[in-house]
Each structure stands twice: as C-alpha cells, then as structure tokens.
Amino acid sequence: MAPTAIFLPPATAREQQKVVVAVPTKGSALAIGSPATAEDGSYQSLISSLEETRQVERHMVDRLLDGAATLTPSSFSSVHVALSPLEYEALAPRMSSLLSQVLSGLEPLGTLHILHLASSLPNLPSELTLAGFNILSTSISVEGAIIAQKPAHSTGTKTAVPLRRKIDADRKASKKALWTLSAPATPSINPEDLLTDADRQRPELCEPVNRNAPRRKKACKGCTCGLAELEAEELAQSNVVLLDGSEGGKTMEVSQSEKDRLIAAAASAPKATSSCGNCYLGDAFRCSGCPYRGLPAFQPGEKVEVDFSMDDI
C-alpha cells in the first residue's frame with residue numbers, strides 16, 4: 001500500500017501565542033459539613049471550589065463526634081468546617097473533641113478554616129489555642145470565618161530516639177582514668193608521718209592558775225587548776241560596804257567576817273524589840289529617827305536603856 005500524505009495547514013499567529021497554564025494541585029483537603037449546610041447548598045459549593053485544585057474528602061460532623069468515622073493522622077493539608085450558626089452554638093460543649101480530631105488529621109503547618117461563624121462564639125479563639133492551634137486571624141472576619149494552623153511540631157508527635165550504644169571495655173577504662181584523682185605514678189603518703197610530737201600530745205583542758213596573770217574567767221564547776229581556791233581566799237579577805245537605806249544614810253566598810261557576824265546575829269535575834277529589828281546592828285542598819293543612832297552595836301537581846309536626856313546628845 002502506497003503511503004498517504006496528510007496536509008496540515010500552518011498555525012495562525014494567535015494560535016501560536018496561546019499558552020496552556022497548568023493549575024497547580026494542592027494537598028488533599030477535608031470538608032466537614034452538616035445536614036443543614038447540605039440542604040442550603042453551602043456545603044456543595046465549598047466542595048466544588050475545593051475540587052478545582054485538590055482532592056477532597058467529605059465527612060459529616062455528627063459522624064466524627066459519635067465515633068462512626070475517624071480521620072487518618074497527618075493526612076490533610078487543610079480542613080474546612082461549614083456549619084450553620086445554630087449548629088455552632090449547639091456544638092460548643094463538644095468543640096474541644098472536634099478540634100482534637102482535626103488537629104490529629106492535619107499535616108504539620110496544615111490549616112483549619114471554620115466558616116459561617118456567628119458572633120455568639122467569642123471563646124472560639126481561646127479554645128483553638130488550648131487545642132494546640134496557632135491563630136492566623138486574630139478575630140472572626142466579617143464573612144464569619146477564622147483560620148488556624150497546626151504547628152510544625154505538634155505536641156504528642158512520635159519521634160525516634162536513638163538508643164545509647166554500649167561502650168567497649170578499653171574506652172570505658174580510658175575515660176575512667178581521666179577522672180582518677182591519683183595517678184598510679186604518684187607515691188602514697190602516710191598521714192601519720194605528717195604529725196609531730198607536739199601534735200600527738202593531749203591538750204590540757206585547764207592550765208594551772210597564775211596569781212600574777214590577769215584573769216578573764218571564773219572558776220568552772222569542778223575546777224582542778226586552783227582558781228576556785230584562789231577566788232575563795234580573795235573573797236574571805238575582801239571588805240564589804242554596808243549602806244544605810246534611809247535618806248542621807250551613811251556607808252560603812254566592814255570585813256567579810258564582820259558581815260558574816262552581823263548576818264548571824266540577825267538570824268539569832270528573834271527577841272529584838274525594836275520596830276524594825278535592826279537597832280542592835282549599828283548605825284548602818286538603823287532608821288533615821290532611831291533613838292540608838294550614834295551608839296555602838298549591842299548584842300541581840302541585850303537590854304538597852306535610853307534616857308530622855310539623849311535627845312540633847
């Protein structure tokens with residue numbers, strides 16, 4: 001059979017200028033609707049607009065909430081929710097459950113578009129934030145829509161953790177040698193050799209007392225250094241100043257033995273007949289109006305006669 005030639009007319013200049021523009025395809029999308037939006041046609045129009053650039057999967061919101069349908073994790077680049085305003089208000093108690101399912105089905109950096117919102121849901125942005133979304137639109141737009149995005153690394157994402165490899169014995173020994181406090185070449189030192197004879201002597205708890213040295217402390221209980229005896233001797237040799245408690249009274253310095261005698265005399269004089277009981281002790285113990293003022297001390301119980309002429313003395 002002889003070959004047949006086919007004549008093709010040359011293309012016009014306008015046809016040569018035509019360029020076919022390819023529509024870029026996007027990741028798969030999920031459209032969530034309800035019987036109310038399916039009845040008024042808004043759900044079908046949403047699906048039609050999405051199918052122009054991507055594959056669309058369809059689900060009803062009641063099936064997702066009841067567990068009749070589940071979403072494949074990280075399988076959608078965008079999720080579009082189209083419900084009526086009344087359905088959004090009825091869905092408010094279960095909104096967190098729906099948002100958690102949508103977050104699981106979205107890819108990292110995937111977007112959530114909630115459409116046909118009413119102004120009666122002011123807490124929706126905070127619920128999106130608590131669910132783990134990043135709010136792209138700060139508030140509900142005039143068209144009644146809000147857009148949120150899944151973070152790049154969402155909480156609960158599974159990641160592979162490399163297991164720790166076992167270290168061989170030689171490497172482990174070399175690491176241990178780096179942190180050794182004493183090197184094998186360092187000679188050991190006996191700590192007992194560092195002590196002198198003075199260090200080995202037992203310290204004296206109480207040194208012998210020195211009479212000429214200044215003292216800064218008192219004798220302790222059970223003193224064995226002689227300080228207690230020295231203090232007792234000094235106390236016996238010291239003098240005591242007796243004060244007259246009356247106005248303009250005098251002072252009298254007596255020895256410790258005289259003080260002890262006066263105290264003993266006061267204790268053994270139950271029959272003293274003075275008003276205050278101190279007339280026989282001397283002027284240091286007599287009242288300002290005592291008739292015995294100026295007289296020496298007398299023995300307790302001794303009868304002392306005072307003439308009326310003593311007022312002239």
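Here the Cβ of each residue, glycine as well, is placed from N, Cα and C on the backbone.
In TrEMBL, the annotation region 'Fe-S binding site B' applies to 276-290, one of the ranges 171-185, 261-275, 276-290. Ranking the binding-site residues Cys220, Cys225, Cys279, Cys287, Cys290 by how many Cβ atoms sit within 10 Å of each one's Cβ puts Cys279 at the top. Within 10 Å of the C-beta of Cys223 ([2Fe-2S] cluster binding site) there are 15 other C-beta atoms, taking all protein chains into account. Annotation note: Cys279 ([4Fe-4S] cluster binding site) sits in a helical segment as assigned by DSSP.
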